[in-house]
Amino acid sequence: MTFSLDTLMNDAALMAILLLAGVALRARLVWMQKLFLPASITAGLLGLLLGPNGLDWLGFSGHMASYPGILIAFIFGSLGLAAQRVPLGRIAGRVGSIWSFGNMALIGMYGAGVLFALVFFSPFWSSMPEGFGLLLATGFVGGHGTAAAIGEVFAAHGWPEATSLAMTSATVGVLCSIIGGIAIIRHNSRRGRTSFISEFGSLPSELRTGLVPTDKRESESVETISSMTIEPLLFHLLLVTAVAGASFWLKGTIAALFDFTAPAFALAFLVGLGLNALLSVCGVRHYVSAPVINRIGSGATDVLVAFGIASINLAVVAAYFVPLLLLLFGVAFSYCFFRYVAPCLFREYWFEKGLFGWGWFTGTVAMGIALLRIVDPRLKSRTLDDFALAYIFGAPVEIMLVTFSPILLIAGHSWLYVAITLGTVAVIAAIATRAGWLRLPAADAGEAPARR
């Protein structure tokens, strides 16, 4: 099918309807409220069921699977553009524990997933690509955005099925994040391990239905530019679009000059950082609202998730069904970090911070935030404050993993990759122990309230 503006408009309109249906279903159906299903997941599942990969009742084009590869540049570009400068001393003094927690899980899942696949699957499936084990971290701790990014790299090197498998991993991860997170909250609130809630059923209605009452709405000013010049929201959207577009121009230039396909998402992050720095040097950085840029990135993520799930090739998933049991290992890995590593790293609010980690490691940061808001509605644990500071150093690590992991595995260096990643986890654990961040919890930590 030839791509045209009509094709783009058709696909965008169909997905818009499905996303709106996801919002309406969440607001009306009690069972969806209990699962806290985001509209993007619902829209994607409806698109998968009713679209060309399912019943074929909706007329999505054959280009549907290519949209996530474009949207990922908007997401990573917004990350670079919205990055904030924070003094090094402030970061090290406050957030060593959560930095260790996040990076040990992030790097560990990348390495452990590859190791698990090498040991348990590769001996029985000789045709399995060496990068298969990477799909665990790609979908779980990475999410649909990372799945699109790494799937694009593998597809460019002769493994087109990787994108569908990565999207499947991400979708399973998000569902485990939500369903498992709710089960964890219910169980631990009854055991008295939560610090701010005692009854799960007492949650405010806006968390369940997704609809915020008038008296609880928060305004977010975007008036950094006079509307007499240009609409402020459009101004911010133009910045993100320019960054995303520049990343594709750079990708084409690098391919023409060096015969190397650079990932657009990594280039978008670098271009975003570069524009961020340029605006600071010119003294106009304060005219760019980081919250609005982040909202644009989050919106792109919602659309990416919906298209990513809807474009999953079910035939490919069926062919890899047994190896996809790797995802069960990911669930166990994430739970162990929540239940056993979090109490060793966090002196206060280990449950809240560990639950945020569960949501992040199985789904996305957004899932972690959603679960955190359930158990800490007023964010008194300061988990997000600390995470935001720690992520300043965590983001480059994640970008490096997403960029170089597939390259190393495609080159056949799987065991070297496992040694590097798991060795790095051991080094971080040693640093955390030496700094006093990592230590055994009190004997009654499992039964005591999360604040100790």
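Positions of Cβ are set from backbone N, Cα and C atoms, glycine also.
Per TrEMBL, these features apply:
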| type | residues | note |
| --- | --- | --- |
| TRANSMEM | 36-55 | transmembrane segment |
| TRANSMEM | 67-86 | transmembrane segment |
| TRANSMEM | 98-121 | transmembrane segment |
| TRANSMEM | 165-185 | transmembrane segment |
| TRANSMEM | 233-250 | transmembrane segment |
| TRANSMEM | 262-282 | transmembrane segment |
| TRANSMEM | 303-335 | transmembrane segment |
| TRANSMEM | 355-375 | transmembrane segment |
| TRANSMEM | 387-409 | transmembrane segment |
| TRANSMEM | 415-432 | transmembrane segment |
Chain residues outside the transmembrane segment (262-282) and at least six past its termini with a C-beta under 8 angstroms from it: 69, 72-83, 85, 145, 148-149, 152-153, 239, 242-244, 246-248, 250-251, 254-255, 288, 395, 399, 402-403
Recorded stretch that, among 36-55, 98-121, 415-432, has the most CB pairs under 8 Å to the transmembrane segment (165-185): 36-55
CB contact flag for the transmembrane segment (303-335) and the transmembrane segment (415-432), at least three pairs under 8 A: no
The transmembrane segment (355-375) vs the transmembrane segment (67-86): 3 or more CB pairs under 8 Å: no
Folded-back contacts onto the transmembrane segment (36-55), same chain, C-beta under 8 angstroms, at least six residues removed: 14-15, 18-23, 25-26, 62, 64, 171, 174-175, 178, 181-182, 207-208, 210, 301-303, 305-314, 366, 370, 374
Dominant neighbour of the transmembrane segment (387-409) in 67-86, 98-121, 233-250, by Cβ pairs under 8 Å: 98-121
Other parts of the chain folded back onto the transmembrane segment (67-86), taken as Cβ under 8 Å at six or more residues beyond its ends: 11, 144-145, 147-149, 151-152, 163, 167, 239-241, 243-244, 247-248, 264-276, 280, 288, 290, 293-294, 296-297, 300-301, 303-304, 307-308, 311, 389, 392, 395, 399
